[in-house]
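Just below is one structure, and these are the notes that go with it.
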Amino acid sequence: MRLLISGSWVRAPRWAESFYRVFCLCFLSDSVAWSVALRDGVVLKAVAVDVLLLVLFSLQHSLLARTPVKRVCQNVFGVLSRSVYCFTTAVALQILMHYWQPVTSAPCLWSVRNAPWDIWFPLICFILHFLCWAIICSILLIFDYPELLGIKQVYYECLGLGDPLLLKSERAQRLYAHLRHPVCVELLTVLWLLPTFPLDRLLLAVYLSVYLILAHSLDTQDCTYLRRQLRSKLQLFSAPLEGKTLFACINCKCKM
């Protein structure tokens with residue numbers, strides 16, 4: 001406010017112009033113009049293939065999760081329905097990665113090439129990526145991944161215990177209905193934080209970001225439940241347990 005009243009706002013664009021020049025020098029140093037690249041047939045073909053692959057993956061991941069389709073799969077595959085879903089998801093991901101077309105003829109959205117950021121920024125990205133993947137792996141402490149992958153369903157069926165999801169608490173079933181794999185923030189960081197950001201990566205990041213935002217419906221009750229579960233799991237691994245206490249904690253973990 002003081003800046004506007006004093007009239008010194010006139011000098012503000014100089015700071016903005018200087019920042020923009022530094023940003024362009026460090027990040028936007030491609031010689032190919034966007035107007036030229038977007039008329040290139042090779043670029044358009046690669047973008048079309050990538051969009052098609054993303055649409056196919058999202059269709060598989062979403063349609064097979066619909067209730068009518070799940071009922072059909074349950075009638076056909078029985079206890080293997082969840083395993084079939086995970087298997088088809090893995091196949092869709094392999095197809096996506098194998099046929100993905102890098103766009104090398106178009107300029108990068110940003111590319112760190114000048115010192116000292118050409119060394120520090122990739123290092124920062126590596127550290128943050130490592131932390132994000134560590135957090136993603138730590139979700140194993142909270143979520144029941146054998147059940148998520150369909151392994152537990154087969155094991156429980158052989159023992160005559162029924163569906164393991166129905167043995168969990170109502171709050172756990174509610175959470176699973178809203179979000180099966182809570183790695184949104186970490187995955188968004190991995191998608192967007194890169195020292196070089198080409199056009200195909202922009203397409204991947206935008207598409208998956210929108211898909212992640214639209215796919216989950218977590219609320220405050222789910223977040224509270226997750227915090228409590230994480231606290232209890234950390235206590236489980238930090239405190240020495242013997243006899244009935246250990247047995248009680250294992251039962252609590254199974255019903256989570």
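Indices start at 1 and increase along the chain as displayed.
Including glycine, each Cβ sits where the backbone N, Cα and C put it.
Not measured: the values here are computed from a predicted model.
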Where TrEMBL places transmembrane segment among the ranges 43-64, 197-218: 43-64
Long-range Cβ neighbours of the transmembrane segment (43-64) (under 8 Å; 6 or more residues past either end): 37, 70, 73, 85, 88-89, 92-93, 95-96, 99-103, 105-106, 199-200, 203-204, 207-208, 211, 215
Long-range environment of the transmembrane segment (76-99) - Cβ separation under 8 angstroms, sequence gap at least 6: 49, 53-54, 56-57, 60-61, 64-65, 70, 147-151, 153-154, 157
